[in-house]
Structures are given as C-alpha cells and as structure tokens.
Amino acid sequence: MTVILAIESSCDETGVGIAELTPDGSVVLLADEVASSVEEHARFGGVVPEIASRAHLEALGVTARRALDLAGVQRPDVVAATIGPGLAGALLVGVSAAKGLALAWGVPFYGVNHLGGHIAADVYENGPLPECVALLVSGGHTSLLHVRSLAEPIEELGATVDDAAGEAYDKVARLLGLGYPGGKVLDELAQQGDSSAVPFPRGMTGPRDARHSFSFSGLKTAVARYLEKHGVEADFSPADVAAGFQEAVADVLTMKAVRAATDLGVSTLLIAGGVAANSRVRALAEQRCAETGLTLRVPPLRLCTDNGAMIASFAAHLVAAGAQPSSLQAAADPGLPVVKGQVH
C-alpha cells in the first residue's frame, strides 16, 4: 500500500489530503483537512492574491498536522501538490512546502494539475472512473473534457471564451448586493424565485456557434442591464432575477455537456468543480442524463470545492500508472493546461 499526502493551495483554500493507494488500485481517503481564507477576501469582493498567499503560509503547517494526526500517519510514501493552474504566489507556497516535506522524508514528489484533481475527486465515493465526458465548472474554469482514464492525457473539447460560470455567479451576486462569494447565496435566493419570470439569453447556443464552447459575458451584461432598467420598480424581485440567471447557466452547461457525451458516444458524464455543488445544475443534469440514458457522476458536495483530497487522488492514479516523480526543480505553472497532468 502507498500513502500519499497532497497539498492544494491554488486559490483561497489551504487543503491537505491523505489517501491510500491499495494493491488492487483503489484509492481510499484517510484525511481531508481544509482551511479557508474566504472571509478575509469577502470585504474586497474577490480573492486578493497577496492575502491568499499569506493565509496559506499561516495555515499550512497546522492543517498538515491535523491531517496526519487524523490519518494516523507518521511518514507518507509520496508527497504531492497542485503545481498549476492557479495564483502564482499561492501555488508557490504549497509547492515549496511539498518539496520540503518530500526532501525531509526522503520520498518522491509529484507536482500535479489542479483541474485533473477535480475530476479525480469523484473516485472516492463513486469508484473507478470509466471513459467519460467531464464538465469542469468552477470560479476560474469552464471546460468540456474527454477523459479516457486518469492515467492518460485529458483532451479539452471546448472551454469558455470569456467568463467562467463561477466567475459569472460572483459578478451577478455582486450586482444583486449578495456579497462574495456569490455561488451558494445566489443558489439559495434562486430557489425562492420563478426561473421563467425573467428570461435571460443562452450564450453560444446558435447553429453557427462552437458546439462545445461557452460564453457567459453576455448573460452577465444582460443581468446588469435588466437591473439598471427594472431594479427600482416596486415589484422588482431579486429572487426572480437570480432564478432566471441560474436557469440560463444550468441550461447551457448541462445541454452542452450531454451533447458532448452523445457526440463522442460515451455513456458517462462527470460534473466536477465548485459549480458542481449548484442545486439547479445537479438537478437539470440528472434530468437530462436520465432522458438520454447517460450515467451521471458528481462528487459529494464537500469534494466539489478545492481540497487536498482531490490532489491526493489524482497523484495516486499517476503513481499507479507508473508515472515518474516530478523533479524538485519543477516550477509552479499558473497557466498549466488541463492536457498536462503533471509537471516533471
């Protein structure tokens, strides 16, 4: 058995996960500890890179100690870390710590892709991942991916050409005065509204648009213009606006994801990333997968957002596939593409 300790520090969550790779290739989660600095960023309306980096420095040691104690592990067999994509300073904190631990313990270091980690998080509760189309949707990324296995390069079928879906959520939440982060609170507000009361446009859904690409900037602008025109009216309903916006996002995401799976002839759709926790995205995906005979896989809510467990899982799959460790000179790559699962 191989025990992997993994560090996630790409944005504002400091995560340390510990997983065990068993002889049969299964990955078992032993510990998952997360410290978030989201409250420190909330007063600025978004993530401040310098604050995020400092928060990682302050939280990482304590978080790692908690994870080791919870797992009952003294010395892992492998140390891994998110090496990209993400905020440069934040990545450097986690990567530097992981390299130091690997050197001190005398174990291999694996610098792995954050986006691959989101996909790998699914295996803890849903078992080995078959060939699938993955809809990776978060604050910084919205992509459709063809995943043959977690040990092979991931193919990007399409991505957002402007705002990520999670970014659009935060911006619309700010327009509605809901604060930051906006995803969860906007979702809750939308559940109180009528999604058909305020119809909003669905970007890049025309016959000439790229089948597997997304655009949310026009939707964000449409919400802003609606608020400028109707926000002062006596019967204005923020809940209806939230519901209409959320329906537009969920409609496009799930429609294109199901279509991509059908185009490729695969039978499984995986939705991963922070926006995979959204209630309407999950419900509409379940409905459309049932209608088309697709198997839907979504990680549990606690593993949708950034965490160390997902990085441990992805690293475990690389180890199982015989991937060589990363060099201790491997550099963090803020723009690391999803097709590159590991930096050597």
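Cβ from N, Cα, C; glycine included.
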Fe cation binding, same site as His114, His118 - Swiss-Prot member from Asp263, Asp306: Asp306
Same-site substrate binder from Asp170, Asp194, given that Swiss-Prot records Leu136, Val137, Ser138, Gly139, Gly140, Gly183, Asp187, Asn278: Asp170
Protein Cβ atoms within 10 Å of His114 (Fe cation binding site), excluding its own: 26
Listed binding-site residues (Gly140, Gly183), ranked by Cβ neighbours within 10 Å, top entry: Gly183
Rounded Cα-Cα span from Asp306 (Fe cation binding site) to Leu136 (substrate binding site), Å: 13
Residues satisfying Cβ distance under 8 Å from Asn278 (substrate binding site), sequence separation of at least 6: Gly183, Asp187, Gln246, Ala250
Those residues of the chain, 6+ apart, with a Cβ under 8 Å from that of Asp306 (Fe cation binding site): Glu8, Ser10, Cys11, Asp12, Glu13, Gly15, Val34, His114, Gly274
